[in-house]
Amino acid sequence: MWLATRLVLLFLLAGPESMARGDATYYYLKVADLAKVGLTHTMPEYPTPVVWLLQLPSLLGGFQMVYVRTFVALMVLVDLALAMWLWLRGRRNGTFAAANFWTWFIFLIGPLVFARFDIIPAFLAAAALLLLARFPAVSGGLVALGAAIKLWPAALIAGLLGQRHGRWALWLGFGVTGIVLVAASVMTAGWHRLLSPVVWQKERGLQIESVWATPAMLNALVHPGRYKIHVSSFNAWEILGQGVSLLLLASTVATLIGGLAILALGVRAWRSRGHDLYAGAMVMTTVIAIMITTNKTLSPQYLVWLGGPLAVLLLVRPGRLPVADRLLVALALLMGVLTQLIFPIFYEVLNVLQPSVGHTLMTLDLAIRNLALVVFTVLSFVRAWVLVGASAPASVRVGSGRPPLPAVGSDDVLPDTVR
């Protein structure tokens, strides 16, 4: 199934959805100019290690076609690596729910996944969870590596705090990796370049796909003359017009509240008696959802980030998800479909404020996707809060009638009683 769906995605990327290749081409052009422009001024929207990463495809040749194809091939390999890992771990208890979810989730989001590098943070998040029991230092290092690529994954450390045994190793791995990457970044590009992604993000406007742009996008259906959609200097489609400044303020407030919610979850996990991997994966899922929902920017590939922790949920407790958690999985798949419709299939219809059936339908599609994202975020936070508070190492709540699930610090993801 994985092979069949990936062949379809590659076909779409080569033809009907070739628009999605734009970012890979952008990476090539920036890497090609690196020697002339310098590392300090190359892709300042990304952390410095990303530039190092994006130079890898150029090692096979300096032509644009070679670069793009190599980049896509590398992302497919990352996808395959996680799919195989989930399949092998799932085989132990006779279910492939996690691998199947990952396969279909990526397929529904579309070929865009292979033209951008956001599948790497998703892989690192899943790997940090899967390796935590035996290699906490490695898990901490993987979270720091994710932060070096996208910044926000640093907050995913909250999902690993439920393991009481080996916390020192977790923090050691996180701290040492982070310090090494920061030092390397400063030495190669300077302090200004280290902070440039934060400055870039701060100065951006309201991206049309974000949750906070939804009221303006809906209002523009009735009053198109009050709004303007344009490509900003930050390479994003942003909306200007009535009430946008208030929506930006609301996003800022929501981001602060979201940060406090993540901090509260982390403190709750730290103070708990220890909880199982399922709760840890739910915390990670919640952190990612909060980061996406509260932000004034939202690109389609952000949804990929959710895939790693959600797949681990299905790996730990296959076929026995509570109703609320099944809803989370269903919402994730629904958001994947709606996101692919938004970009790249009908994006040229969405970003033009001209009254038409197509624009109306795609704006409604966007609104439904963002509503689903809000519901997903609230529900996942409630579930994470409950799971972290109720879980204890290798124990089951009274009356659940379920076999014990492993603590985060146990030797494996699945106990013998569940295999």
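Every residue, even glycine, has its Cβ placed from backbone N, Cα and C.
All annotation found in TrEMBL is predicted automatically rather than curated by experts.
Predicted, not measured: the structure shown is a model, and the values here were computed from it.
According to TrEMBL, the features are:
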- 66-88: transmembrane segment (TRANSMEM)
- 100-133: transmembrane segment (TRANSMEM)
- 139-161: transmembrane segment (TRANSMEM)
- 168-191: transmembrane segment (TRANSMEM)
- 244-265: transmembrane segment (TRANSMEM)
- 277-294: transmembrane segment (TRANSMEM)
- 300-316: transmembrane segment (TRANSMEM)
- 328-347: transmembrane segment (TRANSMEM)
- 367-388: transmembrane segment (TRANSMEM)
I need to check the long-range neighbours of the transmembrane segment (328-347): which residues 6 or more away from its ends have a CB within less than 8 Å of a CB in the stretch?
17, 19-20, 101, 104-105, 107-110, 112, 209, 285, 300, 303, 306-307, 310, 313-314, 321, 358, 362, 365-366, 368-369, 372-373, 375-376, 379-380, 383
Are there residues at least six beyond either end of the transmembrane segment (367-388) with Cβ under 8 Å to its Cβ atoms? List them, or say none.
162, 210-211, 214, 217-218, 261, 265, 268-269, 272, 275, 278-279, 282-283, 285-286, 289-290, 292-293, 322, 324-325, 327-328, 331-332, 334-335, 338-339, 342
Looking only at residues six or more beyond either end of the transmembrane segment (244-265), which have a C-beta under 8 A from one in the stretch?
155, 158, 205-206, 210, 212-213, 215-216, 227, 283, 286-287, 290-291, 293-296, 381, 384-385, 388
Give me the stretch from 66-88, 100-133, 168-191 with the greatest number of Cβ pairs under 8 Å to the transmembrane segment (300-316).
100-133
Which sequence positions outside the transmembrane segment (66-88), separated from its termini by at least 6 residues, show Cβ-Cβ distances below 8 Å to it?
2, 6, 10, 13, 21, 24-25, 27-28, 31, 54, 56-58, 60, 96, 98-99, 102-103, 106, 113-117, 119-120, 122-123, 126-127, 130, 308, 311, 315
